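Student: Okay, these came from TrEMBL:
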TRANSMEM  33-55  transmembrane segment
DOMAIN    37-502  domain 'Major facilitator superfamily (MFS) profile'
TRANSMEM  75-95  transmembrane segment
TRANSMEM  102-120  transmembrane segment
TRANSMEM  126-148  transmembrane segment
TRANSMEM  160-180  transmembrane segment
TRANSMEM  192-210  transmembrane segment
COMPBIAS  238-248  compositional bias 'Polar residues'
REGION    238-260  region 'Disordered'
TRANSMEM  321-341  transmembrane segment
TRANSMEM  361-379  transmembrane segment
TRANSMEM  386-405  transmembrane segment
TRANSMEM  411-434  transmembrane segment
TRANSMEM  446-466  transmembrane segment
TRANSMEM  478-496  transmembrane segment
Amino acid sequence: MYASREDIGYDFGDDSKVGSKPIKPNPNIDGGWAWMIVLSSFLVHILIMGSQMALGILNMEWLEEFNQSRGLTAWVSSLSMGITLIVGPFIGLFISMCGCRTTAIIGGILNALGWILSAYASNVHYLFLTFGVTAGIGSGMVYLPAVVMVGQYFQKRRALAQGLSTTGTGFGAFLMTALLKYLCMEFGWRNAMFIQGAISLNLCVCGALMRPLSPKDLSEKYVVKSNSADNQAKALSHSTETIKSNGALSEEPEKKEEAANEEVFGSVQHIEIGGKSGSRRNMNGLCILKTVSQLTVTVRKGFALWYSSYFGAASLFTNRVFVAFIIWALFAYSSFVIPFIHLPEIVKQYNLSRQNNVFPLTSIIAIVHIFGKVILGIISDLPCISTWNVFLMANFTLVTCILTLPLMQTYVGLAVVCALIGFSSGYFSLMPVVTEDLVGTKHLANAYGIIICANGISALFGPPFAGWIYDITQKYDFSFYIAGLLYMVGIIFLLIQPCIQKKQGREKSTEEA
């Protein structure tokens, strides 16, 4: 286990130049507007993740309305939840080109459109397209910017900020479940989806709050960050020099391209001024040409950053620790989702329905999950505590609970294990922090997009796989054992790869000496 970047030897730096001249920190970093970003992200988690965790209400209505199999109907919810996360890498491209604010506003409109169109569904397959795909893509376009913006606005209290914002998932699960249940009872499920679509338009307001930081603000954040740890600054500068020597992420091509673009825009402006004596039509044509030119440059730069992150010389996949992180993500999320899906059946098998109706085990997970995110965030922000170590300890606790849950056959035993699952799964709030530590703020959108894509694949296929195992064995025990063992494999990758990379870095330093 490690405590800082230099222990791993990251392949990515923040591309910041650490100067000796002290720079006054931006008041919006770790304060000011940063807390509005947390509020915006909190509301996004309520409206998106909270709604998705409450889809069981609508799933019952769809079963009654369309008379389809449970397996086919369940794919509507699975598609919506899975696509929200799977589209992460492509949403990273939108963020690179348009920024977080524009991406989130477009996503809010698309999500609301998906809910509203689903109100007119004539069959389950119609819901696959309108709710599963359309609303799912819209949710992904809002969710990723909400996480990325918190990472950009916070440095000293990143883990706490992410923890507070992601608690919206737990609050949303309670609020949206009660809301959808009330709307379905009073107005029917179709009108309920129409009303929920109107409510989802508030995602556009959340997106509008995502005011982007200027490059100067970001550079000030990096300076504050580097001054807090001199040895980390040396490691970052060494990493940056290494990258530039390989011809990757160099700032020179960007500066040349920007200079060329300024010349183009300047010439267009000159022609525009000179053409004032001409016709109005030519003036409008020049304005359109200038707008198209600026848009083209923005798209090209955004695509270049996105492409280099995935396929260039400085690809994210050249960072072996990050690759191990992806492998972990492929197995991790299903271990959290499977208990939510199959706990009711386990309770029924053990004849514990009466106690579970008084206080459902899934509610215990959701409530403790909220506190877990905040508490783990506070602990991770302590100067003497490593975020990575907290992250690993929470993972070990969760996988132990997953493996021991089938052994508990009393309500009290299951309640204790579920409480531990809820608390340890609070590490979700640390995932953006760990990702940013691995790749830097510049690559956070693309990198976290890959991570949540892996989580989406896990969420999409994990619960059906557990159901398939049950059909074969007629027991849920093996579903939890297999999920736990796969989860343990992912954790082992996280443990081994940093040690290998650290050892290779030492050997390389010895050879150079």
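Any Cβ shown, glycine's included, is placed from N, Cα and C.
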Student: Quick one: do the transmembrane segment (75-95) and the transmembrane segment (126-148) have at least 3 Cβ pairs under 8 Å, skipping pairs fewer than 6 apart in sequence?
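Tutor: Result for the transmembrane segment (75-95) with the transmembrane segment (126-148) is yes.
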Student: Which residues of the chain, 6 or more past the ends of the transmembrane segment (192-210), have a CB below 8 A from one of its CBs?
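Tutor: Tertiary neighbours of the transmembrane segment (192-210) are 36-37, 39-41, 43-44, 47-48, 51, 58, 100-105, 107-109, 111-116, 118-119, 138, 142, 145-146, 149, 179-180, 183-184.
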Student: Averaged across the domain 'Major facilitator superfamily (MFS) profile' (37-502), what pLDDT does the model get? Just tell me the whole number, please.
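Tutor: Looking only at the domain 'Major facilitator superfamily (MFS) profile' (37-502), pLDDT averages out to 78.
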Student: Quick one: find which recorded stretch in 33-55, 321-341, 361-379, 386-405, 411-434 has the most Cβ pairs under 8 Å with the transmembrane segment (446-466).
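Tutor: Ranked by Cβ pairs under 8 Å, first place goes to 321-341.
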Student: Which stretch from 33-55, 321-341, 411-434, 478-496 shares the most C-beta pairs under 8 Å with the transmembrane segment (361-379)?
Tutor: 411-434
Student: At a Cβ cut-off of 8 Å, and with pairs 6 or more apart in sequence only, do we get at least 3 pairs between the transmembrane segment (411-434) and the transmembrane segment (33-55), yes or no?
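Tutor: The transmembrane segment (33-55) and the transmembrane segment (411-434): touching, no.
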Student: For the transmembrane segment (33-55), give me same-chain residues lying six or more residues beyond its boundaries with a C-beta closer than 8 angstroms to one of its C-beta atoms, as numbers and ranges.
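Tutor: Residues 76-77, 80-81, 84, 104, 111, 139, 142-143, 146-147, 149-150, 153-154, 161, 164-177, 179-180, 196, 199-200, 202-203, 206-207, 209-211, 340, 366 contact the transmembrane segment (33-55) from elsewhere in the chain.
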